[in-house]
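Input: a single structure, listed below in structure tokens.
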Amino acid sequence: MAGEKVSTTNGVLNVPNNPIIPFIEGDGTGPDIWSAAVKVLDAAVEKAYNGEKKIEWKEVLAGKKAFDQTGEWLPQETLDTIDEYLIAIKGPLTTPIGGGFRSLNVALRQELDLFACLRPVRYFTGVPSPVKRPEDTDMVIFRENTEDIYAGIEFKEGTDEVKKVIDFLQNEMGQKNIRFPETSGIGIKPVSKEGTERLVRSAIQYALDNNRKSVTLVHKGNIMKFTEGAFKSWGYDLAEREFGDKVFTWNEYDKIAEAEGREAADKKQGEAEAAGKLIVKDAIADIFLQQILTRPKDFDVVATMNLNGDYVSDALAAQVGGIGIAPGANINYETGHAIFEATHGTAPKYAGLDKVNPSSVILSGVLMLEHLGWQEAADLITASMEKTIASKVVTYDFARLMDGATEVKCSEFGEELVKNM
Ligand SMILES: NC(=O)C1=CN([C@@H]2O[C@H](COP(=O)(O)OP(=O)(O)OC[C@H]3O[C@@H](n4cnc5c(N)ncnc54)[C@H](OP(=O)(O)O)[C@@H]3O)[C@@H](O)[C@H]2O)C=CC1
Ligand SMILES: O=C(O)CCC(=O)C(=O)O
Ligand SMILES: [Mg+2]
């Protein structure tokens, strides 16, 4: 096929003018939103570079389409192709609940070791939101993407396996706290120092590169001491060890407060802020979910584990208008591999209706263009999105909450974006 591979040299991406980018269309509403998105992405690249640059799309299969054509939900060829071409984009994939195969989305992240799930949350003027000042929400989530209870180490109630695990926990580890051992399923939550460090390192580096003010480590370390609590401690240690005087941490604050009092600690933090240092702090997950609503301006970059990150990204998306407009990327900052994808799922009840909002996957494409260094094309789409929303031409999800909106189909919204570029 025409086009060339994206590659890396010493951690720097080499992007040809005609990069081959694999895409997965996705299940449910995936084909609807992908069809709208690809036209917008192509039009932006064409317009930004007068035809000098062009993405050569290469379809790879996953989900139902893969199963129907190959008998496998996630063919090895798909993994190999993304591994080879480095950068890919995908629509949502269905995961059955309570049984059946494990998440293909999670499998893609784990197989390709895409350890950081990057989910920026910003407001587009005019988008209907349940909060009074949605523009105050401007955060970037770094969700750990390869471990935590998402590792899939689970044992089903009533099986020989779970009996063995419970027997081990009770009789060899002296655990007395399994309330109903005869009828329990068991899940295991691995959280490692390496996994934490590479995630927190990328979050801090991102914050420094993008002039953000703080990184908040979000955890439930008071309850899960050796997983979520360790995430916090390892995060602070890494920040101080690797980023030295570029950061000021609440760990340092606590030490100063203990030795010299809170006033001295406040003074040091004030000086650090005035000197433009990045503040690395932490929050326990429950109060964090309250404070992102009550005082969103206090938060900027957020680094957290897999499950917290899943919850936090949908909650924050709601504040700026919902998951119809929330983009994401799964990235390995060490190898350069990345898969861009929307935050939402397959929304099956709308499949094939040409109805849902394609903005999440389009804005994921914007993240991809930025990652490729094609900022001009990315900016064209962002500006067009702002203009189109301001003109109140929107899909059903925004139209039902907006006065005087013109509701358009998924494909028509894409066409409107192209027109407004
Ligand atoms: N990364 C991925 O591929 C993900 C996959 N999934 C999978 O998707 C499937 C369905 O999950 P479910 O929990 O229903 O979550 P979904 O995100 O698919 O849908 C939930 C609701 O969110 C709204 N929504 C979703 N997408 C859009 C869109 N593009 N535009 C506007 N509104 C949207 C709709 O709200 P309303 O009803 O109010 O109109 C929809 O009913 C499951 O199999 C799940 O595992 C879930 C999340 C991520
Ligand atoms: O894999 C899935 O089905 C769900 C994934 C998910 O919720 C997410 O990526 O945010
Ligand atoms: Mg989710």
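Cβ coordinates come from backbone N, Cα and C, glycine included.
Just so you know, TrEMBL annotations never went through curation; they're auto-generated.
Of the residues ARG143, ARG179, TrEMBL puts just one in the D-threo-isocitrate site with SER103, ASN105, ARG109, ARG119: ARG143. Annotation: ASN357 carries the greatest number of neighbouring Cβ atoms among the binding-site residues THR94, SER103, ASN105, ASN357 [cut-off 10 Å, Cβ to Cβ]. Counting every protein chain shown, 23 other Cβ atoms lie within 10 Å of the Cβ of TYR150 (site 'Critical for catalysis'). The recorded positions close to ASN105 (D-threo-isocitrate binding site), defined as a CA atom within 10 A of its CA, are THR94 out of THR94, TYR150, LYS220, LYS349, ASN357, ARG400. Mapped onto three states, the DSSP output places THR94 (NADP(+) binding site) in coil. Close to TYR150 (site 'Critical for catalysis'), meaning Cα to Cα within 10 A, are the following recorded positions out of SER103, LYS220, LYS232: SER103.
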